[in-house]
């Protein structure tokens, strides 16, 4: 009986969320649960064989007691509200991005990214841990937006939904609070120091009658420091502890508490003046350090303002004049022209009679969706077929387009070794610091108690992994900034590390090594009447292929005179089939355009034309190689193995053999599949492969390669399969880019060494008990500042030496 009573009275924690269970609680499957909600979530996970969730962290869930979602999310059934919230919507696929405030650990990520396993209709979910966001793709014919949100809420991840654009206001408000806290801390710090001057100057006896009064004033001045300025550290530490996670703010919060209560005890017990000046100084310098980190992040723009980074242009029509403009210049109600395979940059309404939109960039579904006039078309769709006209309905969200570029559909499995090392160090860092702090306090307790408090608090404050964790993002952020200024647009920072590991480079020829606008074009064949020329120009105007553009420029037809097509299809690696003026044309390779035996021009690239299966002739293009190509290849040869793959005939083999070193594998008549297979073969031999192509006929090879760079003169022809986009005019800088990426890895290692030296030196000083907490607070942000300075200055100096800045 006594044993049973002791078991009943023993505190029991919920298996799911870790909360303390009431005396009468749910016992299910030999486990305790605080409420029906937690038991339900566990049962769902158990039934779907997903209990690995509990292996990642003890009691990782959030409590679901006292939750009732009945009609709470009924407003999400409203079509107008859905239109505001959904990133994309179609009869079978919808996408929504939701903010989940309670995301806090790897278990949260695991559960949210596996929600599709136990909720029909959800096909994909992806978590952005830093932003605490989850992007969910679902089938609206199976599950509604409201049901998706209710499903999240039912497992403890209720989204915060706001229909207003509050991001800027919230950020401004957050900065205002930080500035206010710095101001309060500075005021209190200054006044506490002023009241402590008699002690600093050794005049205690002269002001002995005021000393007690000054001490009490110091207590009053320390209260806003303790309960307002340090609130963020206490909140962060408490939230971490509630979730059974010891974060970096725990030792800082502990140090603040010890300083305050030790000082309070000394003043009230009249054993000393306390350490209120150290406390106020500590908070002031910590907050200044936080402010510095904040503005440093802003300056590198880790949200990445893609107005300067994302290289996408579009043809805009104003007053009958068509001009190519950057997408960030588009405004609502602008009319735009989107050609074959071009990305639609903003939500728009279709003005043309029909369009075929490939939403694989958004959803992964490659089957084009047919749209008719006045249909709504979402940003990120790609037009397949003849050019279409659209009316812009929403401002361009370049961050959304870049999010699509980083879609897991186009992701490659690249693991950063440095990120793995940082994660391991950060995981155990706080525990090591706490151990050293308590060990040093215990040592000085027995040796010299006067040093105990200094040693304990200084260790807690001075040790900081921030410098270590800042090294990689600040270095790579600076590298991306330099790349962006030189018109190399890299998808994300982690790719820079992989650029440094490249061993083999594969080049495409047409549009990559050759100019798009400096080529000689000639025609041979039947005489082309003006009406036929107009038909051909009307067809090739819809294509973004470099050879199509050469033919269009050669024909010299005004765009305002172009005809409407009856049919248009562009076949990758072959050519175009189109109908206009009652004739069906084939434009492309000889094998594609005609079955007749026709004499080939073996010295030039050719575009052959047939009308109603009658061969008409060919346009011969004398390719002009890009300036500085000889020098670039010579430099690259010193470090990399090279290959060249071309879909053209071997007409320029002799010219290319003069540019590339002997032994270079130069292959012609390569189909997109051939290029893909070649990349796979190189990788199977242990090579890290970089592929450079125009992104039109080699998307598969770009995606397969370790680093795929789309080299383009026309930044409207963007391919999501690439890891980076390089303005073709900057191709000559490729060797400098790769050297710069390699140098960045050395800078990161130097920052790691500096961070380790700082922590070792700082801890060595702190454990002696001779380092005042206020000095520790100054040194702590200085470590981060020194790492940021080293990363930024080193990158900038190297960039200037390589003439990249």
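Keep in mind that glycine also has a Cβ here, set from the backbone N, Cα and C atoms.
From a predicted model like this one, the values you see are computed outputs, not experimental measurements.
The domain 'HMA' annotation in TrEMBL covers 94-160. Broken down by DSSP into helix, strand and coil, the domain 'HMA' (94-160) contains 21 helix, 20 strand, 26 coil.
What TrEMBL lists as transmembrane segment is 178-201 (among others).
The transmembrane segment feature in TrEMBL is assigned to 213-234 (among others).
Away from its own ends, the transmembrane segment (246-268) comes close to residues 215-216, 218-219, 222, 226, 230, 232-234, 236-238, 240, 274-276, 278-279, 282-283, 286, 426, 429-431, 433-434, 437, 453, 456-457, 459-461, 463-466, 773 of its chain (Cβ-Cβ under 8 Å, at least six residues beyond either end). The feature transmembrane segment is assigned by TrEMBL to 246-268 (among others).
Taken from TrEMBL, the feature transmembrane segment applies to 274-292 (among others).
According to TrEMBL, the feature transmembrane segment maps to 428-446 (among others).
What TrEMBL records for 458-483 (among others) is transmembrane segment.
Summarising the annotation, TrEMBL assigns transmembrane segment to 747-768 (among others).
Annotated transmembrane segment per TrEMBL: 774-797 (among others), in sequence order.
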Check your understanding: Which range out of 213-234, 428-446, 774-797 gives the transmembrane segment (747-768) the most CB pairs under 8 Å?
Key -> 774-797
Check your understanding: Counting only residues 6+ away from its ends, which parts of the chain sit with a Cβ under 8 Å from the transmembrane segment (213-234)?
Key -> 181, 184-185, 188-189, 191-192, 195-196, 198, 207, 249, 252-253, 256, 260, 263-264, 267, 273-274, 276-277, 279-280, 283-284, 286-287
Review point. Which whole-number mean pLDDT does the model give the domain 'HMA' (94-160)?
Key: 82
